[in-house]
Amino acid sequence: MEVFGKNDENLHPKMLVPRVWTNPRNFNFDHIGNAMLALFETLSYKGWNVIRDILWARQGPWAVLFIHVYVFIGCMIGLTLFVDVVIANYMENRGTALLTVDQRRWHDLKARLRMAQPLHVPPRPAESSKIRNRLYELTTSRSFKQFYAILVVLNSATLVVPWSVEEEEQRRTLLLIFTSFAGICSFLFTIEILLKSIAFTPHGFWQSRRNRVDLLITCVSIFWLIAHFGISEVALPIVSLPPSQFRRFTYTLGYIIGILRFFTITGRKSTLKMLMLTVLWSMVRSAFIIAAMFLLILFYAYAGVILFGTVRYGQALSKHVNFRSGKQALMVLFRSITGEDWNDIMHDCMRSPPHCYWAPSLSYWQSDCGNYMAAILYFCSFYLIIAYIVLNLLVAVIMENFSLFYSSEEDALLSYADIRNYQQVWNMVDLEQKHSIPVRRVKFLLRLLRGRLEVDLNKDKLLFKHMCHEMERLNNGEDVSFHDILSMLSYRSVDIRKSLQLDELVQREELEYLIEEEVAKQTIRDWLESCLIKNKQLKKQQQETAMGDLLTQIRSTTTTQTCQTKLLLKQPISPKKQIKCDSRKESSPNKKCIEGNSEMLTSSVAKNEEQLNKVAEKVDKRRRSSSIPELVEEAKRFVWGGRLKSLPRINFGRQRQLQSTNTSIKEEGVTGSNKQTDQQFQ
């Protein structure tokens with residue numbers, strides 16, 4: 001066979017075919033429809049370099065500017081604007097696009113506070129247990145955490161070599177070194193679990209979710225150590241598996257353990273933890289979008305089976321890429337989402353005679369031809385909806401969550417350090433780690449806070465009362481949770497008129513108005529009660545002073561009467577003379593007269609005490625009145641002198657009356673006794 005340039009070293013062999021005038025296979029600009037289809041495919045960056053090469057070959061270098069300008073303006077700028085429009089519409093529908101800067105910060109802060117949880121750090125052991133104290137300091141130290149973080153990275157580095165039976169046959173020594181090092185790392189991770197269990201106690205260790213995950217991976221790694229280095233060498237007949245199959249199982253299990261161990265490093269560093277939270281929270285927030293996208297793909301897959309299930313294979317369609325079944329259709333559409341040769345698949349589904357078998361007597365599903373218009377509508381609508389709209393909605397969700405976790409300290413209303421400080425203080429107060437504390441401990445918690453959440457009792461004493469009363473009012477005096485106090489502190493740390501939206505602002509202002517009113521009433525009530533208590537104490541002191549003076553006078557009078565009686569008893573009395581003790585002139589001994597006088601004095605003292613007790617009871621009844629109007633009226637009388645003048649005036653007047661009564665009784669007793677003695681002498 002003669003081939004042009006066969007024996008010439010300067011020429012390459014070539015095969016000559018008849019020259020025909022034909023369009024490129026997948027695109028042309030013969031009419032507006034084909035031109036728009038070609039440019040729509042170019043928007044996905046598919047096939048634009050082929051168009052460039054053909055334009056260069058047929059039209060010259062100046063024609064290449066057309067496709068380059070279109071890619072720059074249409075793809076780089078136009079698609080970016082399209083993404084911005086989709087994200088802006090998403091934000092408007094959620095309401096976040098219409099928020100001010102302060103309102104957006106408050107919106108992000110509430111989302112961050114909802115995800116904040118207690119630290120689950122066990123309290124420090126007692127001083128008596130020295131071993132646990134040392135282990136607690138060791139496991140909570142920074143160097144200990146850094147050592148195990150480096151160990152996780154080194155353990156993951158052993159996966160650079162494939163763990164398989166085939167690799168063992170080729171590089172047995174190298175694979176043995178890597179698996180042995182992974183076994184040593186697993187042993188060190190087991191020691192870490194034991195040290196933390198002793199330092200934190202098993203109950204305290206189990207409270208942390210990260211510790212639970214570490215414990216699970218460590219248990220699986222211990223099983224892998226036994227299976228890989230023990231059973232596989234000694235007791236293979238026990239598991240009743242072929243050696244190669246069991247060896248493949250242990251290698252696969254060790255590989256999975258290394259991958260899972262690598263993901264545990266995200267809990268050891270705050271930055272990686274924030275990144276992982278962004279991913280997880282984005283998946284949770286976009287669950288409905290992902291579900292809707294899956295339903296849409298499922299609908300398109302079954303439609304593709306009906307439309308293109310019998311199309312013959314071509315350049316893109318093959319036994320791996322086709323619409324012969326629903327499973328294969330789903331795989332093709334998931335591949336098309338990423339833009340992988342979706343336009344080539346579309347052109348294969350547009351196949352028409354003479355490139356396929358068709359006869360007038362055959363139906364569409366009996367031939368292996370495609371559908372030109374159906375393929376264009378099917379693939380263009382699918383790529384437009386999924387790739388340009390739904391995927392951009394996912395981008396909007398991820399951007400929103402990224403700004404949520406990675407906001408700067410200046411932009412955030414409460415920084416990560418402030419929330420961390422609150423978590424540490426909560427861990428100090430909630431010793432039992434019940435995620436709730438009694439209301440009486442709220443004051444102690446507020447005194448321990450620092451940073452933006454700090455409350456200075458010397459400057460903000462009234463604010464401190466409002467915060468405590470709000471917590472008491474929240475659950476009717478019962479226990480308050482971690483998020484209850486954190487939400488209250490966040491409201492108190494921002495300017496609610498700038499940060500809150502209208503509905504939330506109205507509700508918050510109503511709540512604060514009620515709290516201020518109740519705190520004001522309680523303050524007035526406490527002040528009035530303190531005034532009444534002081535007044536009662538003053539009156540009691542005056543009563544005690546008056547009673548002391550009265551008793552002193554009674555004692556002095558009784559002493560003088562006793563002395564006079566003793567003197568009279570010592571004098572001789574004539575039997576002929578009798579003493580008349582009363583108006584009826586009944587004779588009685590001198591002792592009976594003296595006892596009568598003393599009984600009169602004690603009865604008068606008892607009456608005085610009863611009258612004083614009645615006055616005290618009236619004052620107590622007035623003090624027990626708790627209604628605000630009565631207390632206010634009493635406060636007015638107290639301030640303007642009515643109450644201050646009336647109570648002591650009545651008190652002193654009554655005391656003077658009692659003193660005058662007692663004095664008159666004493667004088668009557670003394671004069672009566674003197675008259676009796678005079679009569680006796682007479």
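For all residues, glycine too, the Cβ spot is worked out from N, Cα and C.
Heads up, TrEMBL stuff is auto-annotated, nobody curated it.
Now, the feature entries from TrEMBL:
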DOMAIN    18-92  domain 'Ion transport'
TRANSMEM  62-87  transmembrane segment
DOMAIN    142-409  domain 'Ion transport'
TRANSMEM  147-165  transmembrane segment
TRANSMEM  177-195  transmembrane segment
TRANSMEM  215-236  transmembrane segment
TRANSMEM  248-266  transmembrane segment
TRANSMEM  287-309  transmembrane segment
TRANSMEM  372-398  transmembrane segment
REGION    650-682  region 'Disordered'
COMPBIAS  654-664  compositional bias 'Polar residues'
COMPBIAS  671-682  compositional bias 'Polar residues'
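Counting residues of the domain 'Ion transport' (18-92) by DSSP class, helix then strand then coil, yields 55 helix, 0 strand, 20 coil. If you count C-beta pairs under 8 angstroms between the transmembrane segment (372-398) and each of 147-165, 177-195, 248-266, 287-309, the highest count goes to 287-309. Each residue in the domain 'Ion transport' (18-92) has a pLDDT score, and their mean in this model is 85.
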